Amino acid sequence: MSVIEMESFSNVQLLVMTLLMFMGGEIFTSLLVLLEEKFRLRNKDSDESLSVTNQIKSTQTTTTTIEDLEMEFPKKDDNGMRYSCITYLTKVITGYLLLVHVIGSSLILLYLRLFNMNVLEKKHISVMVFSIFTTVSSFGNCGYVPTNENMIPFKTNPGLLMLIIPLILGGNTLFPAILRVILRGLKKLPMNKRVVEVDKILEDDHEFDESRSQGSDDKMKNQRGALMESLIFSPLSYLVISIILICVTERKHMVEDPLNFNVLNIVVEVISAYGNVGFSTGYSCERRLKTDGECVDKWYGFSGRWSYKGKVILIFVMFFGRLKKFSLRGGKAWKLD
């Protein structure tokens, strides 16, 4: 999915990209959702405490008893337990996030220093930067590597591939399972009742990182309103619209170079961008029908040959795809049944 050769970036620029990939990772965004829920519960408890205090002051001259107030304002044990569990879960995920990056970077750095550092020295790439960049990119499922050829220079080094594979799985597909194993392990520790409470909340919510997308239809209507719901498309609708817009912006290339710029390649590129997969069909100068003009094969994806308008649209597709968890209920107003 890159539109420029990776070796064009300096080590400082690679570190900036590393920070952006870290902040855009699936686990980091899930952590932000937990922090938002924690902040909401804390404000809710403060509002309820203030409401109870005001009610007590307003009833001092009446015959209202403490039992009546308790019946009117139930205890906030559920909110307090949930707040405590979310705080504990946030610490667990933060520890997992930092631990994986530190261990992953250290193992890759150690492997490169022992076996295959010559490849990076020839390309003037810092081994430390390569280790950190590759770890963050793999864990965030970004698919980027600081070399132009991606992992081709390391095809004879299966050890490096075996280090990267767990990072890819642990940062996305296996994260819920690994988190469950960690909680089960912590629950066996003595005097650790909070993990049991976390398990109860996870069972109630089913998926804690998608709690914002769950709820009743009435709640969704109250939050967004009828007008907002009518403007929200489904994810499939966004993809179709994006593909059509890119075909319009690249119509000149589709006429002059139909073998490279065909609809199928554009569809693959857009869907890959939406899923943040990083897969690309590439571009080949040998497939051009018109051989006039200079054409040099480059080590970047098919989208690197697009116009600026097409690239901007693809950026929005990738951004929307990374945050698709917040719009999974989109498109409800477009159902006609």
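Along the chain as shown, the residues are counted starting at 1.
Including glycine, each Cβ sits where the backbone N, Cα and C put it.
Remember, TrEMBL labels are computer predictions, not curated facts.
The annotation transmembrane segment is assigned in TrEMBL to 12-35 (among others). Under 8 Å from some Cβ of the transmembrane segment (12-35) lie the Cβ atoms of residues 86, 89-90, 93-94, 96-97, 101, 129, 132-133, 136-137, 139-142, 144, 146, 171-172, 175, 208-209, 211-212, 322-323, 325, all in the same chain and six or more residues away from its ends.
If you look up TrEMBL, you'll see 93-115 (among others) marked as transmembrane segment.
Marked as transmembrane segment by TrEMBL: 127-147 (among others). Residues 1-2, 6-7, 9, 11, 14-15, 17-18, 21-22, 24-28, 100-101, 104-106, 108-109, 112-113, 117, 119-120, 153, 164, 167-168, 170-172, 276-279 of the same chain lie 6+ residues outside the transmembrane segment (127-147) yet bring a C-beta within less than 8 angstroms of a C-beta in it.
The transmembrane segment annotation in TrEMBL covers 159-183 (among others).
Taken from TrEMBL, the feature transmembrane segment covers 226-246 (among others).
Residues annotated as transmembrane segment in TrEMBL: 306-323 (among others). Residues 1, 3, 24, 29, 238-239, 242, 245-246, 249-250, 253, 269-270, 273-276 of the same chain lie 6+ residues outside the transmembrane segment (306-323) yet bring a C-beta within less than 8 angstroms of a C-beta in it.
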